[in-house]
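Database features, via TrEMBL:
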ACT_SITE  75  active site
ACT_SITE  75  active site, proton donor
ACT_SITE  224  active site, proton acceptor
BINDING   13, 46, 66, 76, 77, 159, 197, 215, 216, 225, 226  substrate binding site
SITE      275  site 'Important for dimerization'
Ligand SMILES: N[C@H](CCC[C@H](N)C(=O)O)C(=O)O
């Protein structure tokens, strides 16, 4: 079976994008893992699938699979690439695209400068939304990892995020943040039954942060859109950030806007198409 795809990225967070509207096939988890392999397959952080909507009010269904084959609820960098892809493939002519995801609806707006502004919905802090095992919602929680007590904030953007401020880890720069050690340990911590994405945030000012993210199911990526949203939302909730924040990730910059409470959070950034390809899958 020949599978047509497009390779894209959002700030270096890279994707294989597949249109399953004009191509009718199903991909198994083991096939996703092989396709994700950077030596034996295409290589990607996530696979993004374009399908017809199940909800008639939506334009598309947007499905996301991590490199380990796990299907997940949301991918922010991927949402921007999704918008670019469906326009380039002429699957729509709309510049405001409504998509359904397992984590809830998203509205993708392609702006005149080519950047995409995504309405990410309302951040959810209650532990049950992730899920995270805790007796109540609070701005930060203690989490014991390998005998060390860490201070984490938790939030769901449809997908689960734990955010640590590096000042609570006794390091001054992100380069010194123990991402390789704490990322996997928190990702798989038993208090996160569905695992979790782990953000390491350096607050530069009330309008600027630097961020690294160890992603659930993919490891550290060069950027994480929902991770940027999560870090800013937890920072605003703790009174440490203003309502519009520039997020510096290893792969580039995102702008996150959130007025707090039940208002919707917005993420704005680029989407890049790299190449089209075809691959035989068995
Ligand atoms: N690893 C994430 C999915 C991809 C998120 C990230 N690539 C983004 O841009 O939001 C998860 O398991 O929830």
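The backbone N, Cα and C atoms fix where each Cβ goes, and this holds for glycine too.
Note that TrEMBL annotation is computational and uncurated.
Quick caveat, the model's predicted, so the values are computed rather than measured.
Everything TrEMBL records as a feature, shown here on the structure.
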residue	record	contacts (Cβ under 8 Å, 6+ apart)
13	substrate binding site	45, 46, 77, 78, 221, 222, 223, 224, 225, 251
66	substrate binding site	36, 45, 46, 72, 215, 216, 217, 218
75	active site	15, 46, 48, 64, 159, 225, 226
197	substrate binding site	159, 160, 161, 162, 187, 213, 214, 215, 216, 224, 226, 227, 230
275	site 'Important for dimerization'	6, 7
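The number of other CB atoms found within 10 A of the CB of residue 216 (substrate binding site), across every protein chain shown, is 25.
Among the recorded positions 66, 226, 275, residues whose Cβ is positioned under 6 Å from ligand 1 are identified as 66, 226. Here the binding-site residues are 77, 226, and the one with the most other Cβ atoms within 10 Å of its Cβ is 77. Pairwise Cα distances among 13, 46, 66, 76, 77, 159, 197, 215, 216, 225, 226, the recorded substrate-binding residues, top out at 16 Å. Listed in chain order, the residues near the substrate site other than 13, 46, 66, 76, 77, 159, 197, 215, 216, 225, 226 are 45, 64, 72, 74, 75, 78, 213, 218, 221, 224, 227, each with its Cβ within 8 Å of the site Cβ centroid.
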